[in-house]
Each structure stands twice: as C-alpha cells, then as structure tokens.
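Q: Mind looking over this structure? Questions follow.
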Amino acid sequence: MSVLERISTPRDLRALSEDELTQLAAEIRDLLIRTVATNTGHLGPNLGVVELTLAIHRVFDSPRDKIVFDTGHQSYVHKLVTGRAGEFGTLRREGGLSGYPSRAESEHDLVENSHASTALSYADGIAKAFRIRGEDRHTVAVIGDGALTGGMAWEALNNIAIQHDSKLVIVVNDNGRSYTPTIGGLATALTSLRTNPRYEHVLDIVKRRLNAVPGVGAAAYDALHAMKKGIKDALAPQGLFEDLGLKYVGPVDGHDRPAMEQALAQAKRFGGPVIVHAITRKGFGYDPAERHEADQFHAPGPFDVQTGAEKPKGPIWTDHFADHVVAIGERRPDVVAITAAMMHPVGLDKFQARFPERTFDVGIAEQHAATSAAGLAMGGLHPVFAVYATFLNRAFDQVLMDVALHRCGVTFVLDRSGVTGDDGASHNGMWDMSILQVVPGLRLAAPRDVTRMRELLDEAVEVADAPTVVRFPKGPPPEDVPAIGTEGGCDVLVRNGARDVLIVSVGSMAPIAVDVAQRLVDQGIGVTVVDPRWVKPVDPALVELARTHTRVVTLEDNGVVGGVGAVLLQTLAAADVRTPVRIHGIPQEFLDHAKRAAILERIGLTPSAIALEVLHDIARDSAEPAPEGRALLDVDGSR
Ligand SMILES: Cc1ncc(C[n+]2csc(CCOP(=O)(O)OP(=O)(O)O)c2C)c(N)n1
Ligand SMILES: CC(=O)[C@@H](O)[C@H](O)COP(=O)(O)O
Ligand SMILES: [Mg+2]
C-alpha cells in the first residue's frame, strides 16, 4: 500500500515519519504528473506546492481551521490529502473532481471562485468571524505572487494589518511567476526579500567562523541556518509587509517541508495576522515543467509523461487574433496592447515580440488595465486590452465610468467568451453580453468566424470615441460561414422560403443556426438566418426585418438574462413590433465543469433541441397538435 493510500484525512499526515512524508511527496508528484498528462489541468502550480500543502495540513487542523486557496488552481495536493486521492483520476472530468476547490466535494474546500486575488478578503472575513464568535480557530490563506498583483489583495492587506488579534496566516507562495515572470514593483520587492545580499554575506561570514570552531562549530551553524529568518529580519530592509504593520516570517524554502512547518508553527503561535513568505518553483520535481520556458506547465494540454511533449493541437481563435493584431499594429502605430498577466493565453505574445514598447503586462489587475487603457486613449493612443471574458467582469465599473463615460476609444478583445467548460462555473464567459449592454455608447461585436473576426477587429480599432468589444469563444474556430447577402443591417446566412422564422444568430452560434434552418426548411418552414456582427447597439433595420417575420429566434453563447436576445425583445417592444421572440442561450446558473460540447448539449444549445423548440412554438400557435419530438426529429437530429 502506498503512503497516499493511508491518508484519508489531513490528521493522518501527523502520524507519518520523515521518510514516509518524503515518500508521500514523491507519490503525490507522480500522481499529479500522470493524471494531468491525460486529464489536463494546472500541473506547474501544483507541483510547486506539494511540501507547502503538506506542511499546512500538518500544522493546522482543517476543516476546523479554514484554508483558502487563491484562484484555487493549486489545490490538487490539498484534495489528495483530504480524502480524494482515490477519485483523482476523475479530475476535470464531467461529474468528477473539479480542478478547483468544490464545497460539494469536501468540507475542507471553501472558495470555488477561480478569479484571482480574492483569498485575503475571504480570509479577513473568516478570521473576523472566528474572533467575534470567540472561536479559537485559524484561517490560512495561500496566495501566489501573481495573485498578489491584484488590487483586491492590497485592499485586504490594508484591513488585515489592523486586525491585530485575527488568527490569520497568509502563505505567500512566491514562485516568481504568474504564467510568465510576475511583473511590477511587488515582484521586485519580493525578490529583494528573497535575495537580500547583506543577509547572504553575513550568513557566509558566520558559517566560515563557526565551521572553524572544532566540534561545536558545524552544529551551531546548522542551528543558526535553521533560524536564518532571524538574520533575515535583522538585515533585510523593512519589507513591504512589515511596513504595513504585518508580522513577516521568511523567506522560507517552500520545498523544505520541515522548515515550512517550523515557520507555520511560529506563525500560528503569533496569534495575529502574519505573512509566511515561501519560496517555491513552479513545476518543481518534473524537469519538463521546470524547463518549460513559456509558463512552466501552468495549464498544459495532454502531454507525454516521459518527454513532457504536449500533444499537437490545431489553431484556436486566439492564434488568429494573435496574427491579426500584429497586422493592425503594423499599420497603426497608435495601437498598443494590454494583458493582465496572460500574454500568451490571450494571444499578445507575437505583438509583444514585434512591438515590445507598445505592449503592457499589468499583472493580474484587470481594473487597472481598463482604466489605464482609458488613460492611454486620453493620451492619444488606441489600446487593445485582450482578456478572458469572465475576468472582465471585475472591471465593469472601469469600463462604464472610466472608459465609456469619457468616450475613450478602447478595444476590449474578449477571449474565452461563452461556455468554456473545463474550468468550471467562474470561468465561463457568459456574462459579458449582458453586463456590457448597459454601458452607454459601447459597441459590441461577436464574429462568427475568423474572417469576420478580422473585419470586426479592423472596424473596432477605427472607433475613437467609444469602447468597442470583440468577443470570441475558446477553442478552434469553425470553417468560414459565408454571407449570401445583407438585410436588416446584418449578414444573411440563409434565406429560404416564406418569412416564417427569423433566426438572429450571434457570433459562434452561426453553424448551429444554419443547421437549425435546414431542419426547419425540411419541415416546410420558411427561414431567414441573419448575423448582426455588431450586436450592440441593435440596428433599427433589424427591428424592421423582425416586423416582417412571423416569429424571431435568437441564439447566443451568453446568459439569456439581459443578453442580445433580451435586448432585441425589449427593442422590438419599444418599436411596437409584436413578433414573438424565443431566446436561446445559457441559462442564468453556475455551470458545473464539463466539456463545452457536453454543456451546450445539456443546456439545449444544439440544432436538434432548438429546431424542436421552434416546431413546438409553431404548433402551439397554429393550434395543431404539438409534434412528437422523435416523430419529427430524433434527439440526435436524424429524421
Ligand atoms: C482575475 C483573474 N485574472 C486572470 C486569471 C488567470 N490566471 C489563472 S492562474 C494565473 C496566474 C496566477 O499566478 P500566481 O498567483 O502566482 O499562482 P501560481 O500559478 O504561480 O501558483 C492567472 C493570471 C484569474 N484566474 N483571475
Ligand atoms: C486558472 C486560470 O484562470 C487559467 O489558468 C485557466 O485555466 C484558463 O484556461 P485556458 O487558458 O485553458 O482557457
Ligand atoms: Mg506565482
């Protein structure tokens, strides 16, 4: 039996010998590598926190003590030692373990949100609650150096610093990277704490002198080395954390589990808020990850365990954006690019290579990115802020009051819009076409294919007096979906028969819309399919086009509440157009992790489900007996 198989709760860790703990760490690394190689997931971050997580669970008493993981992508080790090792093979599989903490999975899990920089705020609140309730319980927050570049983390630290009796231990997991090396003054400050030359110099002097003392010298040096933090405190510049009034312990070698346990135990005894600064390496213990230049296997696709070679994959939407934004940059010297710590994932790496002085990585700081973009526009440039759709949520006020209010020409490129799937509820880009609807002057485009993406990006960067948004989904784009004409201010994709049904297809829904149209035409129903391209504002010509049809069906890879369909319905009503509208989109709920295709199937965003719905509506309105689903269309779409 492996050591890991003997661990069903964290308390089992306390009975292990040093050798067993070393063996356990090796077993965990092996399991992480083999599982992520097939299931995908965050290998680099989790390899970096094996010893750190074991130390936390040996010093603290989860679930009585609460452990919060910032972003949550580095919680696999936590899952393995909290009773889920046996089902770890289901990682990121539908119905299996989530790639992030999950309250449904375990009482040891608390925060499911994968948006970074939130852990310290949760922890501040939990620690205050324990104090007010008179409960002698600790709260531990694990936050990466990248997540520390998010403004919310500093809002929390500002408050935590004055909560002198909050039993709160903040473990800064400092591996020097987000995907790429962490940027900014904070990274510099952390590095100075990590590598203070005065501290190293003094330690060398002490080591030489002590080792010169026969017998006792070496032992004394070892004792001193184990207390190296003390020297550090004495010599290190007043660290930024201590300047805030926070107790600081470290830096500690995050892969030296005994040293981590000693530092955590010291922090626990303190009884107030304290920072434990752990120095780790992303991908530690797996050479292909440690050597992986781009992001140290932050979130690799499937890969070969022996070589680390990732299975080749075809181009995704992002790759096409990456090429086209460079072309825009070539012809538009005023265009600059911004990323929030995701240069490669959002496709700005080529732009950065070509125009390094016009590319800005602001850290995990989407709010700053948006308002800084407004500043760049005020300064006469045209910024393109490329960001995952879900992460723009946190910069809504900045888009509204800093960009749109001042009519700044900023282009937001929202990658991973719509259902993303694998990364769970907080990663789906399902809110942008709802929340951005309320931003006065903002123009929103949803390209249906790569050709339209290029065209719409070109149009977007021409707009100098309002924010523009171009959004596209995760994964490979469809083949181009050509237009057969224009009508209602839209591209016409299908025009067949009478004007029974107008399908308004938004962005990536085009292939589905065309398939739905064919199924309806097969049933003798006349269909027009249009793609508005710019979905905000609604073109008045589209309103008139709707007026000439018997019914309207809208399809969008966005929440149905407040989305494109809802706004079209509202616009038709305001124009006294009484054509009934059926809105198809993502139900306004948090979607459990699964593959995108499986989720689209489950929520009915498939050609057969949509076609059936239309047939039902037609039958209902014509008072004919509702068609039996399978009689007309089998669920799989066969007739
Ligand atoms: C608000 C937000 N923006 C971007 C991301 C994407 N993201 C996921 S992990 C990560 C890097 C996190 O770096 P760090 O906190 O240092 O953790 P590490 O991966 O190094 O362990 C980023 C940018 C996110 N999860 N949340
Ligand atoms: C944790 C996080 O926010 C990202 O690393 C996320 O995993 C994005 O995944 P994709 O880049 O595969 O969409
Ligand atoms: Mg990091």
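Every residue, even glycine, has its Cβ placed from backbone N, Cα and C.
Okay, these came from TrEMBL:
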BINDING   His73, Ser114, His115, Ala116, Gly146, Ala147, Asn175, Tyr286, Glu366  thiamine diphosphate binding site
BINDING   Asp145, Asn175  Mg(2+) binding site
DOMAIN    315-479  domain 'Transketolase-like pyrimidine-binding'
Q: His73, His115, Asp145, Gly146, Asn175, Glu366: which of these binding-site residues put a Cβ within less than 6 Å of any ligand 2 atom?
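A: His73, by Cβ distance under 6 Å.
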Q: When DSSP states are folded down to helix, strand and coil, where does Glu366 (thiamine diphosphate binding site) land?
A: helix
Q: Report, in whole Å, the straight Cα-to-Cα distance of Asp145 (Mg(2+) binding site) from His115 (thiamine diphosphate binding site).
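A: Just about 14 Å between their Cα atoms.
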Q: State the count of C-beta atoms found within 10 angstroms of the C-beta of His115 (thiamine diphosphate binding site), not counting that atom itself.
A: 21
Q: With the Cβ under 6 Å from ligand 3 as the test, give me the qualifying entries from the binding-site residues His73, His115, Glu366.
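A: List returned for ligand 3: none.
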Q: For the binding-site residues listed here, Asp145, Glu366, which shows the highest count of neighbouring CB atoms within 10 A?
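A: That would be Glu366, with the most Cβ atoms nearby.
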Q: Which ones in the same chain are close to His73 (thiamine diphosphate binding site), with CB under 8 Å and 6+ residues apart in sequence?
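A: In sequence order, the residues whose Cβ lies under 8 Å from that of His73 (thiamine diphosphate binding site) (at least 6 apart) are His42, Pro45, Asn46, Gly99, Tyr100, Ser114, Ala299.
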Q: Where's the emptiest Cβ shell within 10 Å among the binding-site residues Gly146, Asn175?
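A: It is Asn175 that, of the binding-site residues Gly146, Asn175, has the fewest other Cβ atoms within 10 Å.
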Q: Among His73, Ser114, His115, Ala116, Gly146, Ala147, Asn175, Tyr286, Glu366, listed as contacts of thiamine diphosphate, what is the widest Cα spread in Å, to the nearest whole number?
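A: Between the outermost Cα atoms of His73, Ser114, His115, Ala116, Gly146, Ala147, Asn175, Tyr286, Glu366, the distance is 32 Å.
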Q: How does the model score the domain 'Transketolase-like pyrimidine-binding' (315-479) in terms of mean pLDDT?
A: 98
Q: Indicate whether His115 (thiamine diphosphate binding site) is helix, strand or coil by DSSP.
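A: Assignment for His115 (thiamine diphosphate binding site) reads coil.
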